[in-house]
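The feature domain 'Aldehyde dehydrogenase' is assigned by TrEMBL to 74-508. Feature annotation from TrEMBL assigns active site to E285, C320.
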Amino acid sequence: MFLDSLPFVAVLRSSVVDIGARRSFTSCYPKKTNQKHEATLSFPRSGPILKSLCVCLSPSTTPSVMTEGKKQPFDANEAPSLVKELKESFRTGRTRSYEWRVSQLKGIEKIVEEREKDISEALYKDLSKPEFEAFVSEIAAVKSSCEEALKELKQWMKPEKAKTSMTAYPSSAEIVSEPLGAVLVISTWNYPFLLSIDPVIGAIAAGNAVVLKPSEIAPATSSLLSELFEEYLDNSAVRVVEGAVPETAALLEQKWDKIFYTGSPRVGRIVMTAAAKHLTPVILELGGKCPVVVDSDVDLQVTVRRIIAGKWQLNNGQACISVDYIITTKDFAPKLIDALRNGIEEFFGADPMESKYISRIVSSNHFSRLERLLDEDKVCNKIVVGGQRNQKKLKIAPTIFLDVPEDSQLMQEEIFGPLLPIITVENAKDSIDLINSKPEPLVAYLFTNNQKLRNDFVQNVSCGGMVINDTVLHVTVSSLPFGGVGESGMGSYHGKFSFDAFSHKKAVLYRSFSGDSPVRYPPYTPENKKLMRAVMNGGILDIILALMGWSRD
């Protein structure tokens, strides 16, 4: 995901850059006072991480829509005591039981069932997300994930039998999934409900205590999540921390048993650096430039509808799995552009700027970033569809470019918006080298009826995931791991992969007091060595021969 997608973007004024001492700041989540939008908190003395996060942010990253909170804001200096409380709760063993895990998962299920309207309203406040899109891509997805965890939890928790070797005979072995402890989930703003709760479901199912840090760029959803977690879940082991950079920096300074981060590669490096201090494992769900290759032998109408669904119907392109650019042949490009133009009009009307089926741009800062991409000298004359914009409404129409230069910003950074470049090649197979010349994407898409091209694409394109002849639907298949590789992230989740992501696989070998062979103990005689070699080789005949004093030699 691009830089503005960090889950904790906020304004840090010059007066607080000096973090050597504790200072107060104005919070967008204030106490109830007579003064509007004012509350004071203290910065922690956690310098290096806070400075690193400051460097990543610009003064224009304030969310465009702010909501006045009702709760006392989280004091960043209380982060150590928060982690201590959660670890103490975990050490009591309460989160390990099947019953506790089920009760918390049912709590999340109740959130979805009882507060669907509130969730939809929060998503609309933050992103103008259409109600249908909010239901399908966030609310229903969370419900499905929760239902699967409840259905499969007993099976997931069962130890897995493992084979043993002749060396350990007689014995049995198993792999026990045990919770890690206290984990931190830092989520992002583009799917602020789904991408907050989905990892939490995995963490709870695995038996952990968990802190969720939602994105303040989606303040309505962040505030709602805090309220819902307090009302429906066990607050001794499951918490929400709202806030921005100081709060996130303070959390990252603590020793967690795992950190799950969704956001940009740049901040992913900061998270990983902070985790390395404590040897804390991380899962990084990042992003990248997700390509779509369109061959000339496709069903053009179906292809176009599915590309539109994977671009503008997907939070108006503000998604890590969104179509970022298209590669097609020079001869086929005009047909594809005409079909996309017609498809956009069919779905969003003659004036898509007025469509109620497209989300708005999340913030003025993100809008300005997209405007800079639109207005770059290298690409502004390459627009073939769209280009309209309205800064006041934070709206940009679906916009298509043809053959933008490779060194343009459109092709150098993840777009994360409604802009769609089309790159042409002589032959569809040339697309593989083009994709592999860039960092590994989170997902790659291919539309073709050519079996050889499909096989070459699957075998030779490195990416987090892949979909042939469709877009984005792989995330709905819980038996597939979802995650990146290289620049697009590390680790994966969804379904049982979420349970495994927050579990330690403990190897356990069981033996009795019988079968205690003297061959493993001194004195080390030639006969013992011969027998040990036979045992290590694992051949029954070799063992029998060794016991008789013979060998194959």
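Keep in mind that glycine also has a Cβ here, set from the backbone N, Cα and C atoms.
Automated prediction, rather than curation, is the source of TrEMBL annotations.
Across the domain 'Aldehyde dehydrogenase' (74-508), mean pLDDT in this model comes to 96. The C-beta environment of E285 (active site), restricted to residues of the same chain at least 6 apart in sequence and closer than 8 Å, consists of L195, F260, Y261, T262, G263, C320, F482, G483, G484, G489, G491, Y493. The local packing around C320 (active site), expressed as other Cβ atoms within 10 Å of its Cβ over all shown chains, amounts to 31.
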